[in-house]
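Here is the structure we will look at, set down as structure tokens.
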Amino acid sequence: MSLTQAVRDKLDIPDLVTGGKSLKDVTVDIAKPNEDFPTKLWWNTFLLVLTITLIDVAIIGYLFYEGLYLLGINNPVGWGFFVVNFVFWIGIGHAGTLISAVLYLFRQGWRTGINRAAEAMTIFAVLVAASNLILHVGRPWLGFWLFPYPNERGPLWVNFRSPLIWDTFAVSTYLSISMVFWYLGLIPDLATLRDRATETWRKNLYNILAFGWVGSARAWSHLEIVSMILAALSTPLVLSVHTIVSFDFAVSILPGWHTTIFPPYFVAGAIFSGFAMVVTLMVIAREVFNLKNYITMKHLDNMNKIMMVTGLIVGLAYGTEFFIAWYSGNEYEGFAFWNRAFGPYGWAYFIMISCNVLSPQVFWFRKLRYNIPVMFVASLVVNVGMWFERFVIMMTLNRDFLPSSWAMYTPTLFDYAMLIGTFGIFFTLFLLWCRIMPVIAIAEVKTVMPQKEGAHH
Amino acid sequence: MYLPKLEQFHKYKEMDEGVLGIFDTPEAIMHAAEKTKEKDYIGFDCILPYPVHGIDEAMGTPRSGLPWITFFAGIFGCTIGILFQYLTHAHDWPLNISGKSLNAWFAYVPIIFELTVFSAGIYTVAALCFLSGIPKATRRILHPDLTSHKFGLWIPKSAKGYNESDVVSFVKSLGGSEVTVVKPENQK
């Protein structure tokens, strides 16, 4: 037994891979879902979400043939579900980067079990968010106007001082860096699948996907450094993206939006909802793909703790907003918050509070942190709550300075279809990905196993 | 002063002709790498299923120089971000908005930051691909277990003092469980 193992045993630190697995077992176990024929459960779920996606695509087509009047948006509530969905999904994406980048920098070995799936979640969530961003402009075929490019309309440039342009740059940078980070990590694992493949078509597919990786120590040494660099770049990036998303609101002069608390509050909310989504997905994945030795209760416990902490931060932010609205003595600010809690959308506010602030409190108890049904329900509840948080923020628009311009926002069937559609797209992509690529980082898990001991000098 | 050295940008070399020894544990490959370094077979390589820590020192390969690429690419992206926004807003298409300065650079910060990160990340990865010899779809796979649970020691024909029988017996003496001589003609 190595010294490190002895220390771990003494301190009662649980193993990150349980079940006494060898290096070969790890490869076999994790590659199994990619190599077997999909189960009936997978097919049924996939067909369900694919149907939702196809219906959504048809509805989007109709919506743009007819025009945005089909939606519930009006004046003053010009930002409807599209922006709620955008902020919600981009927030979901953040946990993936947080797990892969921030926990990497802090040398958290337990991230290896969950980082791959979390990164994939990031990519798909950001894609869904970006599609909402493009759709909300109303004429999505002109979406490329958001990018600065030399054009024939005279010296006409985008306005770099506009939060919408900041969003464009932030989201596209985030998407590209996340994709590159995710794919670089995947290359060695795809090479593993390539070398295990027996059928020719499978071998050819993975041969292309694996980029011709052989696992040379020289290449590994560069790859390790680059993972570190990308982690170091993504960490401020993840903070900047949601900060910039919050600027969409905070740089306006609307009471309730024009606050300096928005950037940290949004970032905490993003991490909160993202971790909830990771827990939801991991609880399902470890069950369906039989990965309980790799995604252990310890992993879930850690994530539940993070959820609880970020839930408390979000709760503090809600309280601070109210306190400042009262303490500043600004009448309009005060009204905006009174209206949030006791106005016509008060029900949404109380859904938000009970889901986001109260429900994560169950994780104070170790027994409940280790209870799968409890954490599954709590993670779903948190996601609902975080969606409502964005809804509540958006509904600030319904009563602004002039009572004569007040109006209610009633979502139409099209709004709801778009919302359900985003989940359809996300889960379709995620399920397809689970079939083709390993859900756990094979190479990275091997680096935290006891077998790698002795490799140290 | 810490400056980049050329050997920090060590490049992956194709494995066409040479001797491959297969080892079962990370300890064995570490030991083998150290011995091979002492033997001075320049240009040898190890093939690993996961990054075994300490193998770089054992092999004598210097730390990767890629952070330098990140640094300069970041500066490049930052400069582009500043210049692009300044030139478009103050020169090519100046707009007087409430008498504010045309060069209201505070508002440029988010995009400068994003372009810095984007450029630093993408150029570093491009450099990594170049140095690691990827993507290449038609690459010879020496042994399928090397990406799963076995560790390979590769001594190419181009190594100084390469003599096939000597190298084979040397790798066997290190405890290689399977030693094969790889030739271009027996490529599958």
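Cβ atoms here come from the backbone N, Cα and C positions, even for glycine.
Automated prediction, rather than curation, is the source of TrEMBL annotations.
If you check TrEMBL, you get these features:
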type: TRANSMEM; residues: A:41-65; note: transmembrane segment
type: TRANSMEM; residues: A:77-106; note: transmembrane segment
type: TRANSMEM; residues: A:118-138; note: transmembrane segment
type: TRANSMEM; residues: A:164-186; note: transmembrane segment
type: TRANSMEM; residues: A:225-245; note: transmembrane segment
type: TRANSMEM; residues: A:265-285; note: transmembrane segment
type: TRANSMEM; residues: A:306-327; note: transmembrane segment
type: TRANSMEM; residues: A:347-365; note: transmembrane segment
type: TRANSMEM; residues: A:372-393; note: transmembrane segment
type: TRANSMEM; residues: A:413-434; note: transmembrane segment
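At the 8 Å Cβ threshold, with sequence separation of at least 6, the transmembrane segment (A:372-393) comes into contact with the transmembrane segment (A:265-285) through 3 or more pairs. Taking residue pairs at least 6 apart in sequence, the transmembrane segment (A:225-245) and the transmembrane segment (A:41-65) share fewer than three C-beta contacts under 8 angstroms. Of the candidate ranges A:77-106, A:306-327, A:347-365, A:77-106 has the most C-beta pairs within less than 8 angstroms of the transmembrane segment (A:265-285). Fewer than three CB pairs closer than 8 A are found between the transmembrane segment (A:413-434) and the transmembrane segment (A:225-245), and contact between the two stretches is not assigned (pairs 6 or more residues apart).
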